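Working notes for the structure below.
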Amino acid sequence: MRIGLLAFAVAARYVEALPVASGEEVASSSAPTTLPSTSSSSALPSPTKYTLPHEDPNPEARKAEIALKRGGFLYGPSTLGQTTFYPSGTLGTAMSQRDQALWLRDAENQTITAYREANETLRDIQSHGGLKTLDDFALLYDGHWKASVPEGIEKGMLSNYTSDLLFSMERLSNNPYSLKRLHPTKDKLPFSVEDKVVKQLTATTLAALHKAGRLFFVDHSDQKKYTPQAGRYAAACQGLFYVDARSNQFLPLAIKTNVGADLTYTPLDDKNDWLLAKIMFNNNDLFYSQMYHVLFHTVPEIVHMAAIRTLSESHPVLAVLNRIMYQAYAIRPVGERILFNPGGFWDQNLGLPATAAVDFLSSIYAHGEGGFRAGYVENNLRKRGLVGDTFGGPALPHFPFYEDAQRVLGAIRGFMQAFVDSTYGGDDGALARDFELQDWVAEANGPAQVRDFPTAPLRRREELVGILTHIAWNTGGAHHVLNQGAPVRASGVLPLHPAALYAPVPAAKGAVASSDGLLAWLPDEVKSVEQVSLLARFNRAQVRDRNQTVRNMFAAPELLAGNGEAYAAANARFVEETGRISREIEGRGFDSKGLSQGMPFIWTALNPAVNPFFLSI
């Protein structure tokens, strides 16, 4: 079936006229009720067979279609800070409006459910007299949020929240993007810790740990430049971690606040002081992770935009990209309207204001984050000394993120390898004959300004496999480690991970007389329920029932019908492999030492049978 070019233009005018909800209002059924999953426009029917340009029996119509898209789908200014371009032009605006309508409709049930469960939870907490101790935070979760967060919070996250091992291993699971190993000669020690303290904790010196490649660092000191909202407070923590030579565990060594008296805390301090230090650190880390994750939106977006402008809707590569970029262009404008707007959900819950969050995103992009190939998992982790060349230090004894990511990535790469091989007949030379593909690579390196994209011409199928694998990993893997259901289930679980602090950073140690004294820094029952409710709305509990999980990533009927038997066979293998991964993750328990993957909590953030295949929030 030939793409209807007139239909594309008509769709642009139609979708552009769709009402867009304000605040939490959800778009009604004015949006189309069914949307082809492999078309750049809601009114573009998918071809019955996808073809490469040199095999298309109607090349002139194909060229005209691309010309129409290039004229109406344009690179507009970045939204939500200064990162990559955002769609503009008649067709670009139409796609944005369509995706926003889709997103708002998908979010409706989750939002209604989370609000209902929030009210029920608050009533239950108040019936117990409120949050009077740290352990009372269990009331936030016990028996609640069963519809909006059906998997519940990660096992061990509440029962072991005081554990130093839990705190340190969060850097290798909940947020693996802020940690680096300090190079013994290229990196200086970021701050000092008393020799006798280091000796007592590690049986060696700080310099020796550094020289041996056993010292790791997280730096949130740049958050110091932002002013917290009235009545809220924030540190700007730096943290040192190490691989212990005796226990072979990854453990915390020290936390420096960088504000006020600029105290440095260690595990040898009073247990309540040290727990407060970990809470302050996690508050900074939650801010970091929620804004860093936006790069997992912007990077695939700009590559997809370049593809829309250069590939025909009949091209099999664009068909796959359109599938995995489902509703992708909703997030930035919706975020601006209801999350990062003045007084919006961010300001209602976080310590630092939304203006700081958006500035932070712009800042990390301006300083080089968001490179395409630099974001490949192996490249990213190697650069930070976490895998591969470990700067002469020992390998991490456990790295849960990497362990699970390797498996999910392997399944995605296996599918993409089979897809590319079947599309190009196992012939690298066929890439050169695909002038649309080569135009895409040139466009990405040119007008789209994609950072660190493979250069034109693309000569090897393996390069294309890498590109497609990375985009699919961003939408179905990396994003969900930091966002989606991960914050409500792990990285935002109270009391260890408050979105804001409600008392000043201490000017001296000994400020916390008892564990219950920590409540002064933590949200009360109302703000606690609001935090959980917001994070619950990030989750997408319905995708499993709707067959929209990572396991279904490539299973769109149009793709199965239009790409032939080899594609269908590759999809079947992918479904089988991701099923095995999911069963293993869901079957995890604690070993005889009370650990799972070396951690005192069970991490499930990369479960392909739970996560959406798309950029959900």
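Every residue number used here counts from 1 along the chain in the order it is shown.
The backbone N, Cα and C atoms fix where each Cβ goes, and this holds for glycine too.
Since we're looking at a predicted model, the values are computed, not measured.
Features of the protein shown, as given by Swiss-Prot:
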type	residues	note
BINDING	His293, His297, His479, Asn483, Ile617	Mn(2+) binding site
COMPBIAS	23-48	compositional bias 'Low complexity'
DOMAIN	122-617	domain 'Lipoxygenase'
CARBOHYD	Asn109	N-linked glycosylation site
CARBOHYD	Asn119	N-linked glycosylation site
CARBOHYD	Asn160	N-linked glycosylation site
CARBOHYD	Asn547	N-linked glycosylation site
REGION	23-59	region 'Disordered'
SIGNAL	1-17	signal peptide
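Structural mapping of features recorded in Swiss-Prot.
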{"residue": "Asn109", "record": "N-linked glycosylation site", "Cβ contacts under 8 Å, 6 or more apart": "Gln542"}
{"residue": "Asn119", "record": "N-linked glycosylation site", "Cβ contacts under 8 Å, 6 or more apart": "none"}
{"residue": "Asn160", "record": "N-linked glycosylation site", "Cβ contacts under 8 Å, 6 or more apart": "Leu166, Gly594, Pro600, Phe601"}
{"residue": "His293", "record": "Mn(2+) binding site", "Cβ contacts under 8 Å, 6 or more apart": "His479, Leu482, Asn483"}
{"residue": "His297", "record": "Mn(2+) binding site", "Cβ contacts under 8 Å, 6 or more apart": "Ala328, Ile331, Arg332, His479, Leu615"}
{"residue": "Asn547", "record": "N-linked glycosylation site", "Cβ contacts under 8 Å, 6 or more apart": "Ala555"}
{"residue": "Ile617", "record": "Mn(2+) binding site", "Cβ contacts under 8 Å, 6 or more apart": "Ile331, Asn483, Gln484, Arg537, Phe538, Arg540"}
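Apart from His293, His297, His479, Asn483, Ile617, the residues listed for Mn(2+), the same chain places the Cβ atoms of Val294, Phe296, Ile331, His480, Leu482, Gln484, Leu615, Ser616 within 8 Å of the centroid of those Cβ atoms. Secondary structure at His293 (Mn(2+) binding site), taken from DSSP and collapsed to helix, strand or coil, is coil. Secondary structure at Asn160 (N-linked glycosylation site), taken from DSSP and collapsed to helix, strand or coil, is coil.
In the shown protein chains, 25 other C-beta atoms lie within 10 A of the C-beta of Asn483 (Mn(2+) binding site).
His479 (Mn(2+) binding site) counts 25 other C-beta atoms within 10 Å of its own C-beta, drawing on all protein chains shown.
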